[in-house]
Amino acid sequence: MPRTLIAGNWKMNGLMANLAEVERVAAEVPASSEGAETLLCLPATLIHAGSAKSEGSGLKIGGETCHANEKGAHTGDLAAEMLKDAGASYVIVGHSERRADHGETDAVVAAQASAALRAGITPIICVGETLDQRDAGEVLTVITTQMAESIPEGAEAAAIVIAYEPVWAIGTGRVATSEQIAEVHTSIRNLLVRRFGDAGRTTRILYGGSMNPGNAAEILAVAEVNGGLIGGASLKAADFLAIYRLAAQ
């Protein structure tokens, strides 16, 4: 079974003062931990300082997006190599908010993931359906297409992470049922095995829809759930650590 990954996504939140939360998490995650792997994906302005705060601990730091190109005339964008240089070892690509706000297509997401792999950092590739797509019975069709087109050619199964984020459950307080999560995660696992063979069983699949300390134990017990991509509950160390401890049991 893949090692559990508990990943936080701060989104567009956090100033330098909020790095105290990073320090609190780092203090509770030993470098020698064999339990769940722990990651905080921070705004670009906090990655370097966050990496310094977590040094010597088991807490890893990541970015929230990257550009598909390695450098050039792309004002305001960040290359994956820049994130790595600042201390990131992971990067989220294809989050539904990026897809909606910035028009990032599956092809763009694949290019971003490829750029991350070239830079030596792990892409967390997000997939998920909208409420309209779920109500129309299109969930598995949407997931199958996103999986086929968002994972770059040449990627190795163990070098990527998949995050299933039902768009209708992000930041809404609504959470997919255990049955709904199991159906999609099992489908994703089958798609990974179809693409990568037995190596597809090594790819971690995270759930990313309003996970919090109150529901984490139930979600983490679902088949083929290898961790969480956590939004609001990652902003406070106490909440994030509560989920980490549940995963580490």
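Yeah, the Cβs are placed from backbone N, Cα and C, and that goes for glycine too.
According to Swiss-Prot, the features are:
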type	residues	note
ACT_SITE	H95	active site, electrophile
ACT_SITE	E165	active site, proton acceptor
BINDING	N9, W10, K11, G171, S210, G231, G232	substrate binding site
Nonlocal neighbours by CB distance (under 8 Å) for the residue listed as 'active site, electrophile', same chain, sequence gap 6 or more: N9, E64, T65, C126, E165
N9 (substrate binding site) in three-state DSSP notation: strand
Candidate with sparsest Cβ neighbourhood (10 Å radius) among G171, G231, G232, the listed binding-site residues: G171
Largest separation between Cα atoms (Å) of residues that the record links to substrate, namely N9, W10, K11, G171, S210, G231, G232: 14
Cβ-based neighbourhood (8 Å from the centroid) of the substrate site, residues N9, W10, K11, G171, S210, G231, G232 excluded: I170, I230, A233, S234, L235
